[in-house]
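Features reported for this protein in TrEMBL:
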type	residues	note
DOMAIN	663-741	domain 'DYW'
REPEAT	98-132	repeat 'PPR'
REPEAT	133-167	repeat 'PPR'
REPEAT	168-202	repeat 'PPR'
REPEAT	269-303	repeat 'PPR'
REPEAT	304-338	repeat 'PPR'
REPEAT	339-373	repeat 'PPR'
REPEAT	440-474	repeat 'PPR'
Amino acid sequence: MIGAYATRGIFHEVLALAVSMIGEGVLPDRFLITRILQACAYAEDQRLGSVLHSMAIRRGFMGRVKDVPVGNSVLVMYVKCGELGRARAVFDKMRRRDLGTWNSMIFGCCRSCQWEEARRLLDEMRREGTEPGVVTWNTLISSYARSGDLDVAVDLLGQMEECGVEPDVVTWTSLVSGFVHSDRGDEALQCFIRMRVAGVEPNGMTIACAISACASLKLLRQGSQLHCHAIKIGTVNNVLSGNSLVDMYAKCGEIVAAYRIFNEIPEKDIFSWNSMVAGYAQAGYCGKAYELFCKMESYGIQRNVITWNTMISGYIRNGDDERAFELFQTMESYGVKKDTASWNILIAGSVHNGYFDRALRIFRQMQSVLIKPDYITILSIIPAFANLVAAWKVREIHACIFHHNLEMDGKIANALINAYSKSGDLAGACAVFDRHSSRNTISWNCIIVAHLLHGSPTKVVDYFFKMKQQGVLPDHTTLTAVIRAYGMEGMVSEGREIFLNMDKDYNVTPDLDHYAAMVDLLGRSGRLQEAYAIIDEMPLAPNLTLWESLLTSARMHGNVRLALLAATEMSMIEPNDPRIQVVVSSLQDLAGQSFDVPKVTVHSKERMLGGVESCSTEIRNMVYLFSTGDKVASEHEAAELKLMMIEMGPSMLSAGNGTLEVEEEKEELAGIHCEKLAIIVGIFNSPHFRSIRIIKTARMCNHCHTFAKLVSEKYGRQILIKDPKYLHKFENGNCSCEDYW
């Protein structure tokens, strides 16, 4: 009877019969005690298992060579019940161990995340003359794959093949699944192809995982081929394959095909419904998604938190914030508790839709109800406050990160470095970088770009060399920043050497960013013809950034012909940009008929200058908006501004000498420029120790730039102004851009 129930997997009946049998005085033999211990393992009944272990010892079933199966059953029972220490004690006392013994102990270590011990046992079993079999290798590979340590899993696959053990479908499926769950879809599909080349036939699980990889990469053609293969091997109506197909077709925009597959799944589960609801929501059909959302319970499917989160995400992504918040508020009345993901969706959606302050309010409310933020929460909200007028908010978020022990996460540390840098706090960025224990290429890029943004080219080069000394390979972003830093230092030959040898030294092919950096490098040094030759001879089609770099160089060095040529090319790339139209018009007026450059038809300046320039500044934790032409708030400030302008008059007259004035609206026409208003209000309304921080919507003009330098010197204040292209840091009468912008 026990054998029959055990064969059918009805383990609770096996245990009930075993108790009755022992109660009637009938004691199990070696064979039967093994069966009952297996049932204890599957049922995780450690209490009865320990009794049987004691009985096996008393009856002499544990000490001899022929008792290995009993010892293995006791070992497996303790492993499955989570008692690894007791399992290890049994393992150490066994006089003889077979392959099953080693497999069970390795499985126990993997189950308890003791990866190093599992690897040590693998080496020990081989030293003792037991060669690992396919089950041994699969246990290790699948465990490492599930934990996300896929590089080790792939290394183990190589060792497995070297030992002459052929990977089977379980081996390959573990790897494909691991890559999918780690968002490495490309490698998942490469692994699937290797499996097919090796002649191993995929099963339903393998196909489903490969289809999920296609879904994450939006590869419709490959996904459709796998759909055909699922039909061929008869797994297409399997709920696992069906769910993967629904997800794949929905993410690839084939919503009709997704719905057809959904309807063909005979026994839909919660994942089937969630995939279809998500498909409609992602495609913008929130009405259809909500219709399915409402139908679920009538089909006996209880909506879970993922279902609710999917609908909330769909509404907020499609701009219906009101409906999203309504669902968020009501979900708990339906017995579904909000999780961290629910809050993350609202925060990320608010940031995406431009409601930064609302995102911060939700973030604070989330903590007030004791929901612990995770790394997704932090990565969603940090970019919203990576600007000059939100420095105190970055510090608030950093305090939360520190409180919840999230600072060690590499992605969060990198985001913090970036946020501190963009909010004007270079020291804060450096402090986070110095404490960062697991720096990668992105970490080094963040601190290198931070110093470049703050006008510290020497530090950029220093970090570049430190990065290489620590064995971190520079990438595309690193080399772009380093070339620009050499340009700021006037070190043309060093920058050129990096550019010419980057393919050979760093395996990075020069792209448009590198060519733009080279144009900037040469242009800053006045080598305008060489800069133009770079653009003219490059193998890629130049983009707006390249021509803009040449325009800046030509403007700074007073070369009207090259400036007009660059502006003309820019107007052809962006014909509807009013600022480019203004530049072209001004340069055509300057050039007259003396240069052979094609005339570009431009709109009237009245049409082009329709927008009003504005800027924002933070004073005592409040953000104020100024527009060009506004009046100063108080008579005292107005009088002081007039006095400052008179005092600085001679110095202001020399502003922009040698450069071409091509873009600015004159103050006598448009009124006082907004950054001057922001500076004067900041001087008289913020504490002396605080820097004045301003974000401007348009490029800073020469006169305002000189004004800011003179004010920083006269009042001993640091002034930070971020325009669309540069961060200007004014201190003691100097600017970090070195008057080149």
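From the backbone N, Cα and C atoms, a Cβ is placed for every residue, glycine too.
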(message) I'd like the per-state residue tally for the repeat 'PPR' (269-303) from DSSP, helix first, then strand, then coil.
(response) 27 helix, 0 strand, 8 coil
(request) State the residues, same chain only, that lie 6 or more residues beyond the ends of the repeat 'PPR' (339-373) and have a CB under 8 A from a CB inside it; answer 'none' if no residue qualifies. (result) 305-306, 308-309, 312-313, 316-317, 319, 321, 324-325, 328, 331, 380-381, 383-385, 390, 393, 397, 400, 404, 406
(message) Let me spell it out: take the repeat 'PPR' (269-303), skip the flanking residues so only those 6+ beyond its ends count, and list any with a Cβ under 8 Å from a Cβ in it.
(response) 239, 242-243, 246-247, 249-251, 253, 255, 258-259, 262, 310-311, 313-315, 317-318, 320, 323, 334, 336
(request) Please give the average pLDDT for the repeat 'PPR' (168-202) in this predicted model. (result) 93
(request) Sort the residues of the repeat 'PPR' (98-132) into helix, strand and coil with DSSP and give the three counts. (result) 26 helix, 0 strand, 9 coil
(message) Please count the residues of the repeat 'PPR' (440-474) that DSSP assigns to helix (H, G, I), strand (E, B) and coil.
(response) 26 helix, 0 strand, 9 coil
(request) Using DSSP, break the repeat 'PPR' (339-373) down into helix, strand and coil residues and give each count. (result) 26 helix, 0 strand, 9 coil
(request) Pull the DSSP breakdown for the repeat 'PPR' (168-202) and write it out as helix, strand, coil residue counts. (result) 26 helix, 0 strand, 9 coil
